[in-house]
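Below is one structure; the comments refer to it alone.
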Amino acid sequence: MPPPPPPSGGSNGNGTSNLTVSSEAYAPPMTENEIDAIRSRYLGVDKKKRKIRKMNDRKFVFDWDEQDDTFNAGAPAAVGSTRQGAQIMFGRGHIAGMDDGGGVLPGGRRNGNEGGMQLVDPLERRKAAKSGLDERHWTEKPLDEMKERDWRIFREDFSIAARGGQIPHPLRSWAESIIPQPILDVIERIGYKEPSPIQRQAIPIGLQNRDIIGIAETGSGKTAAFVIPMLAFISKLPPFTDENRHLGPYALILAPTRELAQQIESETKKFAGPLGFTCVSIVGGRAVEEQQFNLRSGAEIIIATPGRLKDVIERHVIVLSQCRYIVMDEADRMVNLGFEVDLTFILDKLPSDTMEGEDQGEQMDVDGETMVKKGRNRVTTLFSATMPPPVERLTKKYLKKPAIITIGEAGRAVDTVEQKVEFVNGDEKKRQKMLEILNSGAYPSPIIAFVNQKKTADMVAKDLQRAGWNAATLHSGKNQEQREAALQSLRTGDSDILVATDLAGRGIDVQDVSLVINYQMANTIEAYVHRIGRTGRAGKQGTAITFLSNDDEEVMYDLKQEISKSPVSKVSAELARHEAAQHKVSREMKRKRDAEDQG
């Protein structure tokens, strides 16, 4: 075969030749795969998304349109295909052969003269079943018809929260309780119409002889909440005789101040006296010999302040050898007053065998003489408005698996107190403003005014007396007789106004106080809450008016927050705009600001 002819072309003058390719040269066609590869390389490929169909979106496809009426009234009906619409009867009828509870009806009733099985939408059946629920409020139901949902609503209505395992249902009324009949008769005689929220939950738990931590608002009826279970407990113990009266009380109640202790004594005697039990108070301000004389015949119940009780124990005036029921009221206040060491001393003096054995959270049987042999048999109840670390230490050491009850929001003022604020600087302007409020006639006596110093209390009382008001004073400079006389004069109406320091801020129960005036703002928001808790008690409305000055900047933020929580109070515009009310002001920040102002 001859060689192929050389390609045509000429020289370019540089000794090289110009090569040309003929347009007639053969180019093989591209395959589909090559074209797809090029398209994918330069243009990308649109991937088909996988369509996922929801199970509920699937539809059956029939040979007719869904809008067509496929029922021919003139055509003969197939056997067992009589057309009947399901009749929803809201719990009174039966649908698709199912009873109200979702069970299948007996065959005779299902396939009788009512025709064939009827298909009903399950959603409609659920709606019908739901509509058949008992929607009556708990107030319309007898006790045995109360469901768990009703009890949840009940607790919400009274702002009751309880935890600790096996919590019994709260009291709806005194008549439905398991309180012993003699105590119920006393309650009726005293005139207690309805239990307060703390009483509704604390009494059923207390009747189980369980340890309790109660966190409740001021003025919530705590005294009866622990006195009633305590009396039920000691009523099952052997009566006092010459053989056991020298062994000390069956029950001990501790309170932070002598005023509160005497108030508890007065309230406890209303219940204990008709039942034949003796109550004695051991407080400061009275001679030890006098209190020793009161104890000569023994007392089932002792009400005491920690300091004085520690003193009489060390003097061997009293022993606690058979004390089985302990109540610590306002434990946070006792700790704040420095009684933590005294409390520990007293609790350690209780019989050691009363903390052995049985777990808390189970009911404890008490049957008198055999009580010690049945294991743990001390009941400890602690009430507090707040739970600072020292109180938590006490609960961990001396309470075993307690039930914890919270009423409302811990540390808050009651919702029946309207809180008002007036910005007043200087004692003269405060005096004028207070007289203006008192002379308005809007607030009947009794009225309580709070100050921070003893000398201020005496000064304000003298100013009020010069203005024609009957004013009494209560502070630490007064002896016991003077304090009792001041409180009694306010209760009887001989005095219109009580001017007091924070000594009277907790535990003093003077009925129907219409107004509390904070002539000087309290140093802490906790003390403020306890002060205004003297009014608005037992469900009645009250008013608290606070005089603020530039010296109160440290508490303005907390005060604004406290007032804003109250449904019956409104933060004043001046307090809301005040710079110190926008954020917390520490003592150091205030000191620096005052130094800058003076510079």
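Keep in mind that glycine also has a Cβ here, set from the backbone N, Cα and C atoms.
Feature annotation from TrEMBL assigns domain 'Helicase ATP-binding' to 203-405.
When pLDDT values are averaged over the domain 'Helicase C-terminal' (416-579), the model yields 90. For 416-579, the entry in TrEMBL reads domain 'Helicase C-terminal'.
Residues annotated as region 'Disordered' in TrEMBL: 1-32 (among others).
Summarising the annotation, TrEMBL assigns region 'Disordered' to 577-599 (among others).
What TrEMBL lists as motif 'Q motif' is 172-200. Same-chain residues lying 6+ beyond the ends of the motif 'Q motif' (172-200) with a Cβ under 8 Å from its Cβ atoms: 138, 143, 154, 158-160, 207, 214, 216, 220-222, 224-225, 228, 231-232, 235, 270-271, 274-275, 405, 407-408, 538.
In terms of DSSP secondary structure, the motif 'Q motif' (172-200) contains 14 helix, 0 strand, 15 coil.
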